[in-house]
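Below is one structure; the comments refer to it alone.
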Amino acid sequence: MSQDYIVAKFGGTSVADYDAMLNCFNIINSNPNVRVVVLSASAGVTNLLIELASGCEKEKRKEILEKIKLIQFNIINRLQFPEEIAQRIESCLKQISSLSEAASLSTNDALAAAIVGHGELMSTMIFTHLCKEQGARAEYLDAREVIKTNENFSEATVDLEQTLQNAPVVLDLLKEPETKVITQGFIGQETEGKTTLLGRGGSDYSAALFAEIIDAQACHIWTDVSGIYTTDPRIVSNAQRIETISFKEASEMAIFGAKVLHPATILPAVRANIPVFIGNSKDPSSGGTWITKEVVNPPTFRGVAFKRNQSILTISSLKMLGTSGFLSKVFSIFSKYNVVIDCVTTSEVALAVTVDHKQNLNHGSLENPDLLAELNELGSVKIEHNYSLIALIGNKLSQTSGLTKALQALDNSSFRMVCQGACDYNICFLVPADKADSTITQLHKNLFE
Ligand code: ADP
Ligand code: ASP
Ligand code: MG
């Protein structure tokens, strides 16, 4: 690490209104090492922009634009000198309006990304202004100058080599003493200069990338909970904060649905060995979770993560019995239709896989008739929706009574597809959606309370 720089990221609720933004300012202002600040769009704005990007009628567009304007101007109207920033946001809104008019005629991923990326552009413009008003040296940086990606517009892959080459863009700004660089999460740019998105919740990933780019000593993710808990504290009020957790464990929690961290966040942090802190922007002194390379004596049971909206696809065929190559045929069909699989179980004559029912737009859907036709040639296909995937995360789980304990929690639930063994860090199973919360609560009680 060449400098003592820290990257701080604030999520949507942390920049939802003026008072929330002021909390963010106080956090970054009280720590001189925080030099790069990555922001999400103000809470609600991304969802509204996505609605616009899908193409709506004139009246609907007007209504959504008014809602976005209200969120942003509720902040702007509390500033001491709102005139200049009000004009900049008005011109963003005009741009969103004309792009969404185009989307109403015919939309596409590139146009959608151009519309949706405006959420982060607006929040960072306003926050830069607020920081300056509060007397800080703040410099607005367009993240697209730095984060370069492929042209997968809604869930782009970062071109790491090119992105790291852009380090001087940030480092030059940081040469100015005390300057805080304010930039957007979530957005990048493909080779032709068009805006791309890093996937929902991708600002965490952007923050970790910026930390890697400037070789930061730490990346601080400020959100609306005081760290990573043993499970989502909104579901289990007895969930306990995890004080320190390894990159590997945190990434398992994130991959299996713990929304507090975007699953890709850990990649840059691991590559550059940068510790990540998760804290609460509304209560910064309440502490948080440190994610580091190793932790001393990691516990057997770490947490319970979950993903809703899971579908199970089962394909049964006697052709599978005693033959080789059956699975490869099935998976090449999934690959052809870009269907992303989470869990897999097999018996002699059947294969079951889980798929996120609300997959990213770029991912194939189980409803695709061509996909189903090809799978039906291999066996009889059944699709069941409305399941939740629950993952018990821990260490050396295969060497413990983890599965037994998990099964005890499932006593009163009908459950499907237990997956254990592929790695030592998780045991997964599916329960009907309406049993998810009670199962998570019971499992948490059995293992953590
Ligand atoms: P931000 O907008 O700051 O990125 P998110 O809404 O993406 O915030 O993530 C924070 C939310 O993650 C919390 O409000 C909480 O409900 C949820 N969450 C899910 N699992 C966990 C967990 N294990 N620990 C903490 N929060 C969790
Ligand atoms: N604003 C984007 C979203 O809502 C990115 C983020 O908040 O991380 O998904
Ligand atoms: Mg998030």
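Using N, Cα and C of the backbone, Cβ positions are placed for all residues, glycine too.
Model, not experiment: these values are computed from the prediction.
What TrEMBL records for this protein:
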DOMAIN    5-280  domain 'Aspartate/glutamate/uridylate kinase'
BINDING   Lys9, Phe10, Gly11, Gly12, Thr223, Asp224, Tyr229, Arg234, Lys259, Val260  ATP binding site
BINDING   Thr46, Glu120  substrate binding site
DOMAIN    390-446  domain 'Aspartokinase ACT'
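The structure, with features from TrEMBL marked on it.
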residue: Lys9; record: ATP binding site; Cβ neighbours (10 Å): 30
residue: Gly11; record: ATP binding site; Cβ neighbours (10 Å): 25
residue: Thr46; record: substrate binding site; Cβ neighbours (10 Å): 23
residue: Glu120; record: substrate binding site; Cβ neighbours (10 Å): 30
residue: Thr223; record: ATP binding site; Cβ neighbours (10 Å): 24
residue: Tyr229; record: ATP binding site; Cβ neighbours (10 Å): 25
residue: Lys259; record: ATP binding site; Cβ neighbours (10 Å): 18
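Ligand 1 lies under 6 Å from the Cβ of Gly11, Tyr229, Lys259, out of the binding-site residues Gly11, Glu120, Tyr229, Lys259. In the predicted model, residues of the domain 'Aspartokinase ACT' (390-446) average a pLDDT of 83.
Checked against ligand 2, the binding-site residues Lys9, Thr46, Thr223, Tyr229, Lys259 give Thr46 as the ones with a Cβ under 6 Å from it, listed in sequence order. Taking only the Cα positions, the spacing between Thr223 (ATP binding site) and Thr46 (substrate binding site) is 16 angstrom. The ATP site in the record is lined by Lys9, Phe10, Gly11, Gly12, Thr223, Asp224, Tyr229, Arg234, Lys259, Val260, and its two most distant CA atoms lie 22 Å apart.
Thr46 (substrate binding site) sits 12 Å from Gly11 (ATP binding site), taking the Cα positions as reference. Selection of the binding-site residues Lys9, Gly11, Thr46, Glu120, Tyr229 by a Cβ distance under 6 Å from ligand 3 yields, in sequence order, Gly11. Rounded to a whole value, the Cα-Cα separation of Gly11 (ATP binding site) and Glu120 (substrate binding site) is 10 Å. Here the C-alpha separation of Lys9 (ATP binding site) and Glu120 (substrate binding site) works out to 12 Å. A helical conformation is recorded for Thr46 (substrate binding site) in the three-state DSSP classification.
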